[in-house]
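Trainee: Dropping the structure in here first, questions after.
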């Protein structure tokens, strides 16, 4: 059943798109000069009128240039399903020697095959907010991306509260989007090196042991603020989870905290039996487990129904779990399918 929903994003980078809403900057000074006498004042009024006409025409062009959403029949007739996946987000969607790889890439391929069409990937650099990504790839398009819209977007958190979020006018913030089809449970995870740390009974051990996190991520904010900042001195920041893991293997930190899928992937690649998974709790963290799903335009529910039916088949016959296992990832069936 398609439900309107979504939630926390890909850490703090979950997923920057800036100034893509079509607004023009305010002029640096007043246009015209009604306070000036005679001819200069008339010229000012004419100039203001011309500027207003120019601005109206520009906004009209922007509106008409907005990409059109393809309906289900058009998509099937084209023989192609356009799917947006996050760029450089291993193990979910990334390129390896020029070839697309990752759980989301292979899942998108399986869904396209179930619909009887071929897959076209749209690589999506993450915006500052999930709202930006949904706007740019599902319902409006972005001039920076040539107004290209996807039929389907992967890795959209599936959360009722997010789906019902309202803007400052009291309107639904994402009323153009249907979020549906949870296919993964995600959570936070710590990995540590047994050669330097016996166990992680509590995050309090990171008062003494250095831990690596991705900069501007949820683990970064958490570890630098929990217990009144007592762990901040030992929290080391890196541009990516992969680089944090590199620091772990080089002995610069004793542990790394990230999303479970990213941790599983790094452990799978390292193949080092001395790198272990912690089973600690995260006090005062708030939401620690969430579901990942997909999104389509609100007018494209027929596509959502078809994709959800194909997804359920992949979950129930074990193919999706096998896909995760190929990347070294643990898999938990979302609540909807249990």
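Keep in mind that glycine also has a Cβ here, set from the backbone N, Cα and C atoms.
In TrEMBL, annotation is done automatically, which means it is predicted and not curated.
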Trainee: From the ranges 45-67, 68-90, grab the one TrEMBL calls transmembrane segment.
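Mentor: Result: 45-67 is the stretch TrEMBL calls transmembrane segment.
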Trainee: Ranges 1-34, 103-136: which does TrEMBL label region 'Disordered'?
Mentor: 1-34
